[in-house]
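As written in TrEMBL, here are the features:
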| type | residues | note |
| --- | --- | --- |
| REGION | B:1-128 | region 'Disordered' |
| COMPBIAS | B:1-11 | compositional bias 'Polar residues' |
| COMPBIAS | B:59-75 | compositional bias 'Acidic residues' |
| COMPBIAS | B:103-113 | compositional bias 'Acidic residues' |
| DOMAIN | B:135-257 | domain 'FUZ/MON1/HPS1 first Longin' |
| DOMAIN | B:295-393 | domain 'FUZ/MON1/HPS1 second Longin' |
| DOMAIN | B:423-523 | domain 'FUZ/MON1/HPS1 third Longin' |
Amino acid sequence: MAERRGKGAGEARSDPRGKSGMLRVKMVLLGSSGVGKSSLALRFSKDDFKDSAPTVGCAYLTQLVCLHDATLRFEIWDTAGQEKYHSVTPLYYRGAQAALIVYDISNRESFMRAQLWLKELEKQYVPGETVVGLVANKSDLSSSRQVSLQEGRSLAENKGLLFMETSAKSGNQVSELLLDIAHRVKLSSREDKGLAEWREADCVDMHREGRPRPLSSCCLTIGL
Amino acid sequence: MEADVHNTNAPVENGSLAPVDRLRHERSDSPTPGLVEGTEPGAGQDSAMFVHAQSFEDLTADDGEQEQELSEEGTDGTLETQEQESGESRDGGGESGEAQDTQAEEEQEDEEAQSSGGRDKEEDVTSEAWRRHRKHVFVLSEAGKPIYSRYGTEEALSSTMGVMMALVSFVEAEKNVIRSIHAEDYKVVFLRKSPLVLVGVSRTRQSERELTRELLYIYYQIISLLTLTQLNHIFQHKQNYDLRRLLAGSEHLTDNLLRLLDRDPGLLLSAVTCLPLPSSSRDVISSSLQAAKAKSLVFSILLAGNRLVTLVRKKDQFLHHMDLHLLFNLVGSSSSFREGEGWTPICLPKFNTAGFFHAHISYLEPASDLCLILVSTDREDFFNLSDCKRRFLERLRRRSAYQALQEALRTPSYSVSQVGIAELRHFVYKSKSSGLYTSPEIPIPYQSEEEQERLMGLYQYLHSCMHHPTRPLRSIYRCGERENLLAWVTSGFELYLCFSPLGTKEQAMAAISKLLKWIRKEEDRLFILSPQTY
Ligand SMILES: Nc1nc2c(ncn2[C@@H]2O[C@H](COP(=O)(O)OP(=O)(O)OP(=O)(O)O)[C@@H](O)[C@H]2O)c(=O)[nH]1
Ligand SMILES: [Mg+2]
């Protein structure tokens, strides 16, 4: 899997649509240390869960997502939550088509940090160009929950973000999350002018209130 | 116990020193103990791979530790202090004479290392058990704030560290520097590296100097994460800053480094060991790595576990073995590079304490021990480096060197019995000019963790005798109840041997040239004889 990219790493950056209609998607995972970013990334790319060590710097993984009418190649930047690496994180969210801000439902502090990340991100992204998701991870730890489902959801709604509660451990809602992102990214990158209204309706508009309706009806596959 | 030592000034016993002007490629078939540097077994053919200097002495010289001590009576020990040199540079930024070589061995890797929460820190710091640890290490800020403790939580130890800082300041008020306190069965060693203070409390037989050098490693470990520039900046703005905030999640790196210091002859000898590999295969691997270059690339390093497979460097740029040990430690104590490709800022303090390099770190295959580290100067260059890795792998596969490498991984070490010397249990041989060492696998009597550390302790003891600051030795033979030891140092190599207690001194002496012959015969496989540059 994760086939290496071809020559000249830089060149495709400007044109996200590679040959044969494959869409390259730069996605960044942000959030405090220990919330489960690397665990989510491992679920995304290998559908596996291992006890993981804190990330050093950043980890790069790729994953193909096949929608019925397009294939997306996710280039996932799994950043380190540790404070000493914060100075380099802008490298990773700059130019990203998708950003996931992750917190741990059993850790209130991580939810506060998620809001700071969101602020930082808001300074950077161009509305409508970056699909931003708020991810409440470790949903399997509901017995020690410190952040309610409602809190997370209303924050996301206020900011017009995609919202999902996931468990990297059990795998719950993880592939749904990636698919959801894939759809939105695909819609927001549609160049076809004829579908402009579509885009209006379905892509994530950062200024719009309310959560965009879920897109889960088509038959989809994840992976290779 | 019998001790038999030769002072450096004593005449060299054998008169067969190789002529100094001998060409390096004219390698002797029957090396003798007096070979000069550059012709000893394992010496590289062309340029060295590592920052070059002659000795351990050069390595420790940068601590501003130059002699002239004043002694002062402590209450129940001796307090050694040193006159403060005004205007000395402490930041290590401008040292000139560095030492050579590089890295690591033994098998700690993942075991405990991992998650930040995994440390057993909840120890009762007032307990006897806590007190009895062989070696404590504390790091504090100049404001006396705890930054790191090897055992017990920093919170529980904040008053202890406050006392340490008070002691340091008290002596400094007199324009002096506290270096160590010697009590009956332990030593307390201080290393002042503004803005940090490092303190070691040890019950081992290591010399003050060795302990100071270990503290220096810990200091560089911290610098490698933050850079000295950033560290100074932080403390200039906020003297009271709690540095644990920035070091959070990296404590295990320091823990692991301390374990390496206890067990790894490489850190003791300032040297690295290599994966035994036929030289033809190694050359293919090196040239494949050499070909997969990028503009921003400074060092390409291929590791097999904690052994070096090859290292290619930019022309005129040398890696310091301490920096390589720090890289080994980073890779060895973090499983996070196992998934995907890692991309991390890292400061190599012996190269430059002011800035970050950016390292692309990845395993060649998910379950493999082969880890590739590509060190770049450009933080935006990830995709180019990723592409270097791809090209390297492609070449390797095409030239079937990959198979040879896999083959070699199955026997990453060798048994001492292959050398065929009666009563020889274990040895460590370091070629000074290449900064590489070789050592057989740890034999049965020393395989438990305690025994392994005891054996290392014996080597450490020999090492500190050989490198005594005022009375360095050329050789030492020591009979013990459990083993006999011999150390032999020339301008070309350092050799430490461990024999069964049944062996005699004559046997031991005879073993040296026999062993050197064997190493000469195997040097193609055990060392990197033709290092590459791009
Ligand atoms: N119970 C539970 N534990 C999880 C879940 N996801 C991750 N973990 C655990 O949480 C810890 C941290 O997970 P990581 O994925 O390493 O966290 P991270 O966000 O990548 O942390 P940094 O790399 O330091 O920023 C690990 O011990 C995981 O096993 C989850 O969904 N449920
Ligand atoms: Mg992580």
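Each residue, glycine too, has its Cβ placed from N, Cα and C.
Across the domain 'FUZ/MON1/HPS1 first Longin' (B:135-257), the prediction's mean pLDDT works out to 88. Under DSSP, residues within the domain 'FUZ/MON1/HPS1 second Longin' (B:295-393) fall into helix, strand and coil as 28 helix, 36 strand, 35 coil.
Secondary structure by DSSP for the domain 'FUZ/MON1/HPS1 first Longin' (B:135-257): 56 helix, 32 strand, 35 coil.
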